[in-house]
Amino acid sequence: MLTWLRVLSDWIWQDRLWFPAGLGWANLKDRDGQVFAKGSDLWVIFPIAVCFLIIRQIFERTVAVQLASLLRVREKPRVRAAPNTTLESYFCNASKFPSQSSVEELTKQSACSVRQVQRWFRRRRNQERPSQIKKFREACWRFTFYVLAFIAGLGALIDKPWFYDMEEMWNGFPTLPLLPSQYWYYMIELGFYISLLFSVATDVKRKDFKEQIVHHVATILLISFSWLVNYIRAGTLIMLVHDASDYLLESAKMFNYAGWRKTCNYIFILFAAVFILTRLVILPFWIIHTTWVYPLTLYPPFFGFYFFNGLLFVLQCLHIFWAGLILRMAIKFLPGNVCIPKPNHYRVVSWTEIEPRVRLISKLNGEFPLNVLCSVG
């Protein structure tokens, strides 16, 4: 068994798959005082991830709670659904949103009216919604990390030639010496994303949960692979681009939980602009262009070249998906586009009328101002 594993490992990590012709792992051995990235370095990300999980628990219970109190984050009282075995069984095993025919059937089984069944399911769904304080604490933690990571990444790259001329990413590849700032930037970013995967079971489950998992896994694979084959200069630029907008999104969530609607709206519009600029302009037209087109002028294509760019394209597809949702949200939050209800001019609407708009806003985690849902008669 060990022999087969050794043979498989040798085949997977053969030079011709991951490096241009004539180059290989031998070129990445330390020499003449120069240190290069090694696969064994990545083991450190697991203790770093554990440290992040511990620090997060302390941070959320101290700093985040104090900040929530300072910003007057309040939890609205919720009316609990009355105990009902029939309805509870349907809620847990069938659907949280029963159809009209199911509601009528449940009225017969539970001896309740249609209105009582609908009210019960509405209250029962509200019971499972995470608290405002919990969502604020999570957003506060991510905001703190992203803003510090962006500042640190900018400090590590601002004086590097490849920050201004991206073709410098390939100058001397693959024998690019490892800098201490690059080492810690990589390990901390990887450790943080690993910690997010560890905590996904206890975090608030978002509407884009599956997309987030794909994003985290693709990001971890991309960062790890770029470390192994010394695409470190490209990797640091990609991480910086991602960190540039994430802290704005988390700060918008924090202000929304605190009830600062206008501040949240303006920050979200700023976030949308930065997101579009960094992930739909700079990333594809500068960074991906340099990783996809420029290397072909230096080397013939090889498997590692396609693998690295394939992961980038997966991330780019996710960015396009999110950008569509973000733009639709941002347009609604622009000044003059928010619907303000007039006193005493409300009309009763059904769930089927407002559901499409609710689900649209929920696509971005259901955490932004809902005043665009006003229905004026």
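A Cβ is built for glycine as well, from the same backbone N, Cα and C atoms used for every other residue.
Listed features, source TrEMBL:
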DNA_BIND  72-132  DNA-binding region
DOMAIN    70-131  domain 'Homeobox'
DOMAIN    134-335  domain 'TLC'
TRANSMEM  42-59  transmembrane segment
TRANSMEM  143-163  transmembrane segment
TRANSMEM  183-201  transmembrane segment
TRANSMEM  264-287  transmembrane segment
TRANSMEM  307-327  transmembrane segment
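Between the transmembrane segment (42-59) and the listed ranges 143-163, 183-201, 264-287, 307-327, the one holding the most Cβ pairs under 8 Å is 183-201.
Beyond its flanks by at least six residues, the transmembrane segment (307-327) meets 208, 211, 214-215, 218-219, 221-222, 225-226, 229, 231, 238, 271-272, 275-276, 279-280, 283-284, 288, 291-292, 360, 363-364 of its own chain at Cβ-Cβ distances under 8 Å.
Sequence-distant contacts of the transmembrane segment (143-163), counting only residues of its own chain at least 6 positions beyond either end whose CB sits under 8 Å from a CB of the stretch, comprise 59, 63, 169, 171, 179, 181-182, 185, 188-189, 192, 233, 236-237, 239-240, 243-244, 246-247, 250-251, 254. Across the DNA-binding region (72-132), DSSP helix (H, G, I), strand (E, B) and coil residues number 36 helix, 0 strand, 25 coil.
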